[in-house]
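Worksheet: the structure to be examined is printed underneath.
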Amino acid sequence: MQDSDTIYALSSGALPSGVAVVRISGDQARSICEAVAGSVPTPRQTKLMTLRAAEGGEIDQSLVLFFAAPASFTGEDCIEFHLHGGRATVQAMLDCLSKFKNTRHAEAGEFTRRAFENGKLDLVEAEGLSDIISAETEMQRRLAIEQASGHLSSLYEGWSETLTHARAMIEAELDFSDEDDIPGSVSRTIWQSVEKTASELRQHLEGSRMGEIIRDGYRIVIAGPPNAGKSSLMNALARRDIAIVTEIAGTTRDVIEVNLDVNGFAVRLYDTAGLRETLDAVEREGVRRARALFENADLILLLSDIDAGSSEEERLPDGVDCLRIGTKLDRVIRSEDHEHSYDLLISATTGEGIETLINAIGERLSSRFSAASMSLPTRERQVNYLREALRSLEEALAMKDVSPEIPAEALRNAAQALGRITGHVDVEDLLDVIFSAFCVGK
Ligand SMILES: Nc1nc2c(c(=O)[nH]1)N(C=O)[C@@H](CNc1ccc(C(=O)N[C@@H](CCC(=O)O)C(=O)O)cc1)CN2
Ligand SMILES: Nc1nc2c(ncn2[C@@H]2O[C@H](COP(=O)(O)OP(=O)(O)OP(=O)(O)O)[C@@H](O)[C@H]2O)c(=O)[nH]1
Ligand SMILES: [Mg+2]
């Protein structure tokens, strides 16, 4: 496998489809187009052409689009064949392309990787592009657009430049400390800018949980004693019959997960085994798994049957957000008597209170979110480098009056960590991992 090979892939979606786009990028793109279509169209103008395989058999009547290097997505010569989207048509085209020399099928993310290597986009933008393709909710899409359009990259580059400048000034002061050219007051304004960067970085990191929530989903765990109506609520929220519901206490044992979209936010909802002491080994394991989920929950819905009266309170991990919900409201005669014991009353049977519950969840998400902006780190990779940068800045600030050498080195580390996020500092070892998570044809 060669980085200089010409690569091709089906870049549009699952077949059959109305139209299928087969994309080619690399040195051979023009000669392949000449061989298959007879000539190369004017750059960036589509042309209807008949495509023929080497044996002369017609493959398809196709729109052909040529992008001349470097003005293309990858920065190389690119050809697109907009074919009829039949499985056999696309297969015939791919077979035809496989016969050309120095030409092979693309790996996952390889077009975007070439765009990165040719300086068309940086790593954060490339990750944003990958996120645009996997976005399923409106918030995921907005966050991805923000990253793909380079706003986050400029933020990181700005910080990195500030720190590099600061280090240069400090080193200059080190070198010329005996001379009078560099006034001592320079370092005060410099350290102020470092301090400002550290506080911006800290604030930015505080948004990382929100970025993760948008990307990976807000985790809601339904918990409570057996028979409280947990699985019934799960089914009502999912609007599907996913979890088994019976009048037998201890029905649910495995954790059941479903993905919802609440106001454009991805939500992962978990139904769990009823919490109780039991000798049944299977049920006990279910209860253990339920409690294990509490640790990483963003919200716990703690259910109990209004009629069953108050049972022993479940101990929840410190600081976890929780809504106490009274269930089976339809069986209660005077609901006013119970309102003070719960945050919400619902009936899975009649649907009463379900809309209010969904709104309460939506409000929690929106209020958390409005505190943040759309400039949020979303990936563990990004967050780890941001933390590393902040640690180095804090070290530099702590040592600034002790020794000038240590802070200069720490500032260098911080700028480097930021450079690794965008890929401006050596990241060769990371590229395989990052791009292999992309789609083929992207
Ligand atoms: N048919 C088709 N549609 C597509 C893509 C594609 O590759 N092919 N894209 C693929 O992801 C996206 C569009 N992204 C693109 C990004 C840059 C260039 C490009 O030619 N860039 C040149 C010229 C820029 C200009 O003229 O403004 C460059 O950057 O030099 C093309 C598509 C979405 N739609
Ligand atoms: N009348 C009425 N019955 C309900 C309601 N919700 C659940 N039930 C009944 O309560 C019983 C238990 O419901 P489940 O949803 O299985 O309860 P669970 O909390 O999942 O129970 P386990 O999985 O055993 O922990 C079933 O017979 C349901 O039909 C409700 O809103 N009104
Ligand atoms: Mg259940």
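Glycine is no exception: its Cβ is also placed from the backbone N, Cα and C atoms.
Listed in TrEMBL for this protein:
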BINDING   ARG23, GLU80, LYS120, LYS442  (6S)-5-formyl-5,6,7,8-tetrahydrofolate binding site
DOMAIN    217-366  domain 'TrmE-type G'
BINDING   ASN227, THR246, ILE248, THR251  K(+) binding site
BINDING   227-232, 246-252, 271-274  GTP binding site
BINDING   SER231, THR252  Mg(2+) binding site
Please report the distance from the Cα of LYS230 (GTP binding site) to the Cα of THR246 (K(+) binding site), rounded to the nearest angstrom. 11
Kindly report the helix/strand/coil residue split of the domain 'TrmE-type G' (217-366) according to DSSP, in that order. 48 helix, 36 strand, 66 coil
Rounded to the nearest Å - Cα separation of ASN227 (K(+) binding site) and ALA273 (GTP binding site): 10
From binding-site residues ARG23, GLU80, LYS120, the one whose Cα lies nearest THR246 (K(+) binding site): ARG23
Given a separation of at least six residues and a C-beta threshold under 8 Å, show me what packs close to THR252 (GTP binding site) in the same chain. LYS230, SER231, ALA243, ILE244, ASP271, THR272, ALA273, GLY274, GLY286
Can you tell which of LYS230, LYS442 has the most other C-beta atoms within 10 Å, given these are the binding-site residues? LYS230
Checking proximity to ligand 3 here: which binding-site residues out of GLU80, LYS120, THR246, THR252, ALA273 have their Cβ closer than 6 Å to it? THR252
